[in-house]
Amino acid sequence: MSKPVVLVVMDGVGWTDKDNGNAVLHAYKPQIDELMTKWPHTTIKASGTAVGLPSDKDMGNSEVGHNALGCGQIYSQGAKLVNESIESGKIYSSDAWKGAADYVKAHDGKLHFIGLLSDGNVHSNISHLIAMIKEAKKEGIHEVRVHALLDGRDVPETSALKYVDQLEEVFKELNDDTFHGCIASGGGRMVITMDRYEADWSMVEKGWHIHVMGDGRQFASAKEAIETYRGEGGYTDQYLPGFVIAKDGKPVGTIDDGDSVILFNFRGDRAVEISKAFDYMNKGFDKFPMPKKPQVYYAGMLQYDGDLKLPDHFLVEPPHIEHTMSEFLVKKGVYSYACSETQKFGHVTYFWNGNRSEKFDDKLETWEEVPSDVIPFDLKPWMKAEEVTDKMIAAIESGKYQFLRCNYPNGDMVGHTGNYEATLIGVEAVDLSLRRIMDACKKADYTLIVVADHGNSDEMYDKGTNPDGTPKPKTSHSLARVPFAIYNGPEGTEIKDGDFGLANVAATVVQLLGFEKPEQWLESIIK
Ligand SMILES: O=C(O)[C@H](O)COP(=O)(O)O
Ligand SMILES: [Mn+2]
Ligand SMILES: [Mn+2]
């Protein structure tokens, strides 16, 4: 009988000697150091084409990382699929594009785009937005409104004006007697609209008021809003309060009956809640009161949830991820367990299972969520590591599961705040938790795999310095490789020669569990 396997994802903990504010390198982390010296270990690829992104310049992210970990294959991901669909023009012959355009034309309405305004390529890409705006004009749509969520999390932390200027230029070029486009509202992505995993529905409620009702602080332009808020509160982009663009006291682009709305984000986790608000508004939606429910045609860039079929209308076919590890293990009758705190709960369940929100088998699969705090995580960099560890150890000690997985968000969520000192503590909290997991695995004689989904905390400084000479914080992920180590594996466990990536982990897990991998998967990392 093979030993059960525990897999820990240290979210956002990249592995590199480069020291650009490397909070992994400088953290006190005796456990990770032990794993990466005394046990079978290597580093693996977690970015670019190794995880299905358009190019090797694309940093990894949780969606593509957990998809690859959970399915053992490399699928072309949203960023790439949307590029291809726009290049070929296929997107404009989709039912959803035609539906949205026809609805606006039939009602003399406005076409709205909501989404993350940047070229971060994690949730969205501004180039997709611009292409669609140009096509809308070509197709005879007269009124376009953009509801711009400001990024500063997948791109430099105060870069919003660059993207706002780029978009305003496009409108300047396009606007004439037949066409009028402008920014109608917006706000920081960590304040309005882009909540995930139901951590804080009030963010989506705020977004509803700002985008749909035009109910918020008014400014003459997005630029004025950004500059005013920065001056008043020193806000960085991701935390900028909501704003409404108005003329003579009247919002320029509320969402009304007869309008169409396209959410131009391709990634699902932070697109699900706002999509539910639109798709379910007349179907018992009860997450927040809706003083206004406009009759609109709503479409997502992709379908974000394959089980819920959400949203109903979408422009580009999402990757249809088949042959996942969870499905494979269920067919083998293996009991499995998954745990994280809210912020990453969907990563080890929904992303892990190929963007499906439901289990393959209720009896064999157990999922446990530890509620996350709703605070900026640099204020509490240990987050819920202790609670996640408690649950993992209880699950190991129960003896019920042959495969157990968890995600510690600290390296990533604290890394995204740009706070180097806090991120050191975040990594150290993960390391402390690992000691307890390692001891539990030793005691129960389970194999432990420790890996990460992409870098972040390993590069906390951006290019350049602040006016006071301190390093500029970097809030986004990095291109670093990630650590991979096997603790307490079977006698003779040895890493193969070769250059591996996240998609090689699934085969490694099932090999350790004593199964042969399905033919679709990439090879195992061990001999
Ligand atoms: O959504 C986020 O917080 C960031 O854009 C990406 O972080 P993640 O890929 O680690 O979730
Ligand atoms: Mn991640
Ligand atoms: Mn992240």
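Note: Cβ is positioned from N, Cα and C throughout, glycine not excepted.
Taking a C-beta cut-off of under 8 angstroms and a sequence separation of 6 or more, SER62 (active site, phosphoserine intermediate) has the following same-chain neighbours: ASP11, ASP269, LYS344, HIS347, PHE351, ASP412, ASP453, HIS454. Secondary structure at SER62 (active site, phosphoserine intermediate), taken from DSSP and collapsed to helix, strand or coil, is helix. Under the heading active site, phosphoserine intermediate, TrEMBL lists SER62.
The number of other CB atoms found within 10 A of the CB of ASP453 (Mn(2+) 2 binding site), across every protein chain shown, is 32. What TrEMBL lists as Mn(2+) 2 binding site is ASP11, SER62, ASP453, HIS454.
In sequence order, HIS123, ARG189, MET194, ASP195, ARG196 are the residues near ARG270 (substrate binding site), counting only same-chain partners six or more apart with C-beta under 8 A. Marked as substrate binding site by TrEMBL: HIS123, ARG153, ASP154, ARG189, ARG196, ARG267, GLY268, ASP269, ARG270, LYS344.
The Mn(2+) 1 binding site annotation in TrEMBL covers ASP412, HIS416, HIS477. Non-local contacts of HIS416 (Mn(2+) 1 binding site) by the CB criterion (under 8 A, 6+ apart in sequence, same chain) comprise GLY12, ARG153, GLN238, PHE377, ASN456, THR475, SER476.
The domain 'Metalloenzyme' annotation in TrEMBL covers 3-517.
Look at TrEMBL and you will find 82-305 tagged as domain 'BPG-independent PGAM N-terminal'.
For HIS123 (substrate binding site), other Cβ atoms within 10 Å of its Cβ number 27. Listed recorded positions: SER62, ASP154, ARG196, GLY268, ASP412, ASP453. Those with a CB atom under 6 Å from ligand 1: SER62, ASP154, ASP412.
Mapped onto three states, the DSSP output places HIS416 (Mn(2+) 1 binding site) in helix.
For the pair HIS477 (Mn(2+) 1 binding site) and GLY268 (substrate binding site), the Cα-Cα distance reads 18 Å. Checking the binding-site residues HIS123, GLY268, ARG270, ASP412, ASP453, HIS477 for a CB within less than 6 Å of any atom of ligand 2 leaves ASP412, ASP453, listed in sequence order.
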